[in-house]
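**Student:** A single structure is presented below for examination.
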Amino acid sequence: MADAVESMIQRYSSAGSSRNGKGVSIMWFRNDLRIVDNEALFKAWASSSSVLPVYCVDPRHFGTTHYFKFPKTGELRAQFLLESLVDLKKNLKKRGLDLVIRSGNPEFILPLLVEAVGAHTIYAQEETCSEELQVEKAVKKSIGTKAKLELVWGTTMYHLNDLPFTTARLPDVYTQFRKAVESSSRVRPCLKLPQTLGPLPDSLGEKVGDLDKVPNLSDLGLRPREQVSLAAMQFTGGETAAIQRLCEYFWTKNCLRNYKETRNGMLGADYSTKFSPWLASGSISPRFIYEEASIKYEKERTANNSTYWVLFELIWRDYFRFLSMKYGNSIFHLEGPRKVRTKSWSQDKTLFEAWRTGTTGYPLIDANMRELYATGFMSNRGRQIVCSFLVRDMGIDWRMGAEWFESCLLDYDPCSNYGNWTYGAGVGNDPREDRYFSIPKQAQTYDPDGSYVSHWIPQLQELPTDARHSPKVGYLKKIVPLRFSNPGRTYKTSANFRK
């Protein structure tokens, strides 16, 4: 597999890139922890004669969530981040660079590094949500006229500048957005970086100090958690692991061929691509996935609904990113982008704790919530179900669920997480309201033999398969009645919880 990964990386490298810049540039890594298809890194290289790569471990990322004070970054995502930094450092070293890792606010660290190496420009990936924008503003102010801050778009499959409308005129319905970009826009090809990105600035150790230290969890005030034996897949942070997963899923196991049919699964490693944690950290680019699926796989294996459906999901991810630009902080507010004020929400701590800890008495809810806490991941289908249960059956403030997801998810990013939760709560820009997922119906359709719930709740394994979702004895009492309980009835349902 290592050879396959290296071969793939080489296909996205170039020996013919031109470099005419002078002086020193700084590459400020943020949520783009990769080498392949990183335009900000390419611009930093092309505009200078030497590059200083930097990552700032911002203590604000390890505080608490805005309203309900959960840990902002849980142990599992923090460990995934640290693994990503180790891998990025290794990959940069292969190309003649290294990664300076500093703990502290970027607006304090970057001006010092600008002065130390005499950098003329800081390059970084452009972000869209308020916390990240405030940091960008603070960095610009702190560096003053000493250097420029150049932000480069690199988070989406479709480039911001290639949309057939401004973000202010972004359609409020996903289907309209998708059809417009598919008919009027194109996905830009991946940017090929040169084999060698060095050198580093002269006498770097004397100027900036130790380059080798990568923090550990205790440095972040966190304790490591043991890996869970029940987890179907162990996620490892970094670009190498991301490309390895793509090689395995697309090429070795050929799972892409049947993705559309399997994507609503809940148990196992290969029912879905599970690219989302690496996409969220920027360890893999959506354009890279597009080229491998839509160009190479379709040419060499097959083109079908499954290959298209992977792109369909990536367009959803784009859509939430652009919506965050259109609606700003309203995606974090109780009333949401549509300013819905008619709903009264509860913040009942007992009910929420039962949901959070997977002790509601509903095996399908409890299994999903236990998987989330244990692994940092939950299936697309599971996310829809637990969201619906929290807001529709419990009547709990949706922001409590969104912030718990923010704390736990390996694949957390503010745009997708809060975009999905506002949709699920009926306060998003989607005009459909009152979306409901019937637990009996979902269980009957997606876990008919109870294999998923008995996997995460082992005591249910002793029950007959048709009793695992509704045990009469030996399990927890149901904490609330269901709003609707007829498994044969069809209810309005939401767009998928896009990852």
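Cβ coordinates come from backbone N, Cα and C, glycine included.
Annotation source TrEMBL lists FAD binding site at Tyr259, 272-276, 313-320, 411-413. Under the heading domain 'Photolyase/cryptochrome alpha/beta', TrEMBL lists 23-160. Residues or ranges marked as site 'Electron transfer via tryptophanyl radical' by TrEMBL: Trp345, Trp398, Trp421.
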**Student:** Of all the recorded positions given, Trp316, Trp345, Trp421, which residue's CB has the most CB neighbours within 10 A?
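**Tutor:** Of Trp316, Trp345, Trp421, the one with the most crowded Cβ is Trp421.
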**Student:** Whole-number Å distance between the CA of Glu313 (FAD binding site) and the CA of Trp398 (site 'Electron transfer via tryptophanyl radical')?
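**Tutor:** Here the two Cα atoms lie 23 Å apart.
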**Student:** Would you kindly give the Cα-Cα distance separating Trp421 (site 'Electron transfer via tryptophanyl radical') and Trp316 (FAD binding site), rounded to the nearest Å?
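**Tutor:** For Trp316 (FAD binding site) versus Trp421 (site 'Electron transfer via tryptophanyl radical'), the Cα atoms are 14 Å apart.
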**Student:** The domain 'Photolyase/cryptochrome alpha/beta' (23-160): mean pLDDT?
**Tutor:** 97
**Student:** For Tyr259 (FAD binding site), what residues in its own chain, 6 or more apart in sequence, show a Cβ-Cβ distance under 8 Å?
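**Tutor:** For Tyr259 (FAD binding site), the qualifying residues are Ser272, Thr273, Ser306, Thr307, Trp309, Val310.
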**Student:** Using Tyr319 (FAD binding site) as the reference point, find which of the recorded sites Trp345, Trp398, Trp421 has the shortest Cα-to-Cα distance to it.
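**Tutor:** Looking at Cα distances from Tyr319 (FAD binding site), the smallest one goes to Trp421.
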**Student:** Relative to the Cα of Trp345 (site 'Electron transfer via tryptophanyl radical'), which of the recorded positions Lys274, Trp398, Tyr412, Trp421 has the closest Cα?
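**Tutor:** For Trp345 (site 'Electron transfer via tryptophanyl radical'), the closest Cα among Lys274, Trp398, Tyr412, Trp421 is found at Trp398.
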**Student:** By a simple count, how many Cβ atoms lie within 10 Å of the Cβ of Trp398 (site 'Electron transfer via tryptophanyl radical'), its own Cβ left out?
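**Tutor:** Here the count is 23.
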**Student:** Go ahead and report the DSSP secondary structure tallies for the domain 'Photolyase/cryptochrome alpha/beta' (23-160): helix first, then strand, then coil.
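**Tutor:** Within the domain 'Photolyase/cryptochrome alpha/beta' (23-160) the tally stands at 59 helix, 32 strand, 47 coil.
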**Student:** Quick check on the binding-site residues Tyr319, Tyr412: which one has the highest count of other Cβ atoms within 10 Å of its Cβ?
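**Tutor:** Highest number of other Cβ atoms within 10 Å: Tyr319.
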**Student:** Could you check which of the recorded positions Lys274, Trp398, Tyr412 is the closest Cα neighbour of Trp421 (site 'Electron transfer via tryptophanyl radical')?
**Tutor:** Trp398
**Student:** Tell me, how many other CB atoms lie within 10 A of the CB of Lys274 (FAD binding site), whichever protein chain they belong to?
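**Tutor:** Taking all protein chains shown, Lys274 (FAD binding site) has 19 Cβ neighbours within 10 Å.
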**Student:** Give the distance between the Cα atoms of Tyr412 (FAD binding site) and Trp398 (site 'Electron transfer via tryptophanyl radical'), rounded to the nearest whole Å.
**Tutor:** 16
**Student:** How big is the gap, in Å, between the Cα of Lys274 (FAD binding site) and that of Trp398 (site 'Electron transfer via tryptophanyl radical'), rounded to a whole number?
**Tutor:** 25
**Student:** Please give me the CB contact count at 10 A for Glu313 (FAD binding site), counting all chains in the structure.
**Tutor:** 21
